[in-house]
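Trainee: This structure is in structure tokens; I'll ask about it shortly.
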Amino acid sequence: MVKLFIGNLPREATEQEIRSLFEQYGKVLECDIIKNYGFVHIEDKTAAEDAIRNLHHYKLHGVNINVEASKNKSKTSTKLHVGNISPTCTNKELRAKFEEYGPVIECDIVKDYAFVHMERAEDAVEAIRGLDNTEFQGKRMHVQLSTSRLRTAPGMGDQSGCYRCGKEGHWSKECPVDRSGRVADFTEQYNEQYGAVRTPYTMGYGDSLYYNNAYGALDAYYKRCRAARSYEAVAAAAASAYNYAEQTLSQLPQVQNTAMASHLTSTSLDPYDRHLLPTSGAAAAAAAAAAAAVTAASSSYYGRDRSPLRRATGPVPTVGEGYGYGHESELSQGSSAARNSLYDMARYEREQYADRARYSAF
């Protein structure tokens with residue numbers, strides 16, 4: 001019995017149709033269709049060879065089918081990477097394209113690239129040679145051997161190869177190369193795991209240069225900075241003040257009056273000459289004269305009566321008239337006299353402007 005593989009089967013194909021097609025060359029013992037491929041068991045080897053010779057690339061429902069002798073699935077199938085695939089391409093169309101060169105175990109499209117697993121390595125090489133850099137559905141696709149491998153669960157399988165560095169003899173979880181591609185250092189990890197003694201942290205700040213107990217280094221540093229900054233600030237301020245004085249003097253207008261110019265340029269004036277203050281006798285005389293002038297002015301000013309409450313005194317009514325208007329007038333006259341005595345005696349006993357002469361003399 002010979003087992004034949006039929007690939008790239010159309011969707012319309014049925015088992016009865018395939019069976020009748022292969023029975024033309026010999027007795028068919030079994031026929032199975034799995035998705036877009038199938039298997040046919042023929043009793044005679046010669047009949048199987050005739051079926052392969054006549055039915056390979058046979059057009060069935062408008063699709064060319066592939067017929068060849070079936071082989072057991074290889075443990076290490078050849079994986080191809082197919083790049084630059086058209087977005088309208090489907091798995092079925094891509095699989096049919098690669099089945100022209102041999103049996104395809106798996107075909108998966110991921111975005112604009114795909115992975116095709118071919119059963120035999122020689123078929124994969126032929127597919128690369130025939131399909132690489134060729135037009136397929138309006139785009140030029142690129143076919144090459146895939147460098148990625150099927151990853152098993154961590155710790156499962158044999159130590160045949162690491163997925164990080166590609167070397168054999170260890171799993172990826174034990175690989176000395178981390179995910180970024182650098183060689184990892186497991187010394188600290190093992191020390192933490194097995195309780196190695198680490199260098200203790202200092203309790204105080206004595207070991208640090210800028211944080212010692214006395215803060216001596218930091219204090220001296222800031223003192224030097226403050227001294228330098230203060231000296232620079234004073235020097236800058238002095239220079240700016242000197243420049244401002246020069247600019248101000250240069251911007252003063254020229255003296256137009258000749259008399260004033262001669263007066264200013266006269267050598268008889270001493271800029272450092274000081275005049276003596278007046279003596280005590282002269283100051284007292286000036287103060288007395290000023291006080292007399294102020295007294296005369298204030299007496300004439302404050303002598304007038306401007307109060308609206310002060311009225312001319314009229315005849316005082318008798319007591320028999322009761323508490324009428326006359327009694328209220330009597331009370332108002334008494335209160336006005338009391339107010340007049342207060343104004344004349346307490347407030348104007350001392351002149352307010354008598355002390356001004358003492359200051360105006362200077």
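Even glycines carry a Cβ here, placed using N, Cα and C.
Since this is a predicted model, take the numbers as computed values, not measurements.
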Trainee: Write down the single range among 160-177, 250-267, 322-339 that appears in Swiss-Prot as zinc finger.
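Mentor: That would be 160-177, the stretch labelled zinc finger in Swiss-Prot.
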Trainee: With every protein chain in view, how many other Cβ atoms are within 10 Å of the Cβ of SER86 (phosphoserine)?
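Mentor: Within a 10 Å radius of the Cβ of SER86 (phosphoserine) lie 14 other Cβ atoms.
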Trainee: When the number of other CB atoms within 10 A of each residue's CB is tallied over all shown chains, which of the recorded sites LYS79, LYS92 has the maximum?
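Mentor: Result for the most crowded candidate: LYS79.
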Trainee: Can you check how the pLDDT averages out over the domain 'RRM 2' (78-148)?
Mentor: 89
Trainee: For the domain 'RRM 2' (78-148), how many residues does DSSP put in helix, in strand and in coil?
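Mentor: The counts are 19 helix, 29 strand, 23 coil.
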Trainee: Between LYS79 (SUMO2 cross-link) and LYS92 (SUMO2 cross-link), how many Å separate their Cα atoms?
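Mentor: Per the Cα atoms, LYS79 (SUMO2 cross-link) and LYS92 (SUMO2 cross-link) stand 17 Å apart.
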